[in-house]
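**Q** Positions annotated as compositional bias 'Polar residues' by Swiss-Prot: 264-275. Here Swiss-Prot flags 261-283 as region 'Disordered'. Marked as transmembrane segment by Swiss-Prot: 7-27, 55-75, 99-119, 121-141, 153-173, 187-207, 218-238.
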Amino acid sequence: MANFKGHALPGTFFLLFGLWWSIKCPFRQILRRKERQVGDRERQKLTALFNRIDLIEGSLKIFFAFVGIMAEQFVPDGPHAHLYQDGWVKLMNWQHSTMYLFYGISGIADVLSVSSHHVPVGLDRLFLSLALFVEGFLFYFHIHNREPLDQHIHSLLLFAVFGGSASTMMEVFKRENAVLELLRCTLAILQGTWFYQIGFVLYPLSGPEWDLTRHDNIMFITMCFCWHLAVALLIVGICYCGVFWTSKWCERRQRGDMEMGLRKSTSTDSSSQKALLQESDEE
């Protein structure tokens, strides 16, 4: 959709997944460390928990992709599933629908990776990397013959898209790497906020319209992209620290409850021993 809503919709999807990954990835790293300290039964419970989370995530990805395709195709000015009718019909909407299609395929790969043992390890990351590559490939040929600022602001998005595709592809070969996972989180959030920025620049909700040919605006937008990256890094850092400190607090509380229980049992044992000694003295 060539309007603000058309950019806010994918921006919201990427923001939600980026924020979710920023919480899930450090949480998963902490639980992985605990796996080495627990028995087989607890390890099986953690594996089942991870699989359930991944299954829900894949299902949500499929749902969001379906919503995106329906929104692109069946808005009032959309193509309504007509590709050619005396000429090409709304090719921009078709390109966006194709982008959502590959994210839906990525969601299917997520579900299959969890529900079937015959699926190769890393297939979920491979298809996510492919979906990101297709998005960047489509957007690269999406911006020709446009005003300079329009081309520039979309080309900046490609850094986040292709960067995310490359880092996710590396996860196929270096599974459960903390740095690569956090990089994926950062670039997903950057994509989400930058989609909103594109919408505000090209389709401002209020105030004067941007001059799409002025070089100063191009310079500002380039600097603004760096600010978005800094904010994305800050958000991921806050989420990581929040999960880490919450885990530490829960561990301290659990340890305190165990110590209190031990003290109670010790005091109960000592009081019962005293009672037995008193009874024996009386006898």
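Cβ from N, Cα, C; glycine included.
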**Q** Give residue numbers and ranges for long-range contacts of the transmembrane segment (7-27): same chain, 6 or more residues beyond its ends, CB-CB under 8 A.
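**A** For the transmembrane segment (7-27), the far contacts come to 1, 53, 57, 61, 64, 68, 71, 96, 99, 178, 181-182, 184-196, 198-199, 202-203, 232, 235-236, 239-240, 242-244, 247.
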**Q** Would you kindly list the residues that approach the transmembrane segment (153-173) from elsewhere in its chain, counting only those six or more residues past its ends and only Cβ-Cβ distances under 8 Å?
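**A** Same-chain residues near the transmembrane segment (153-173) but 6 or more away: 122, 125-126, 128-130, 132-133, 135-136, 139-140, 142-143, 146, 180-181, 183-184, 187-188, 190-191, 194-195, 197-198, 201-202, 221-222, 225.
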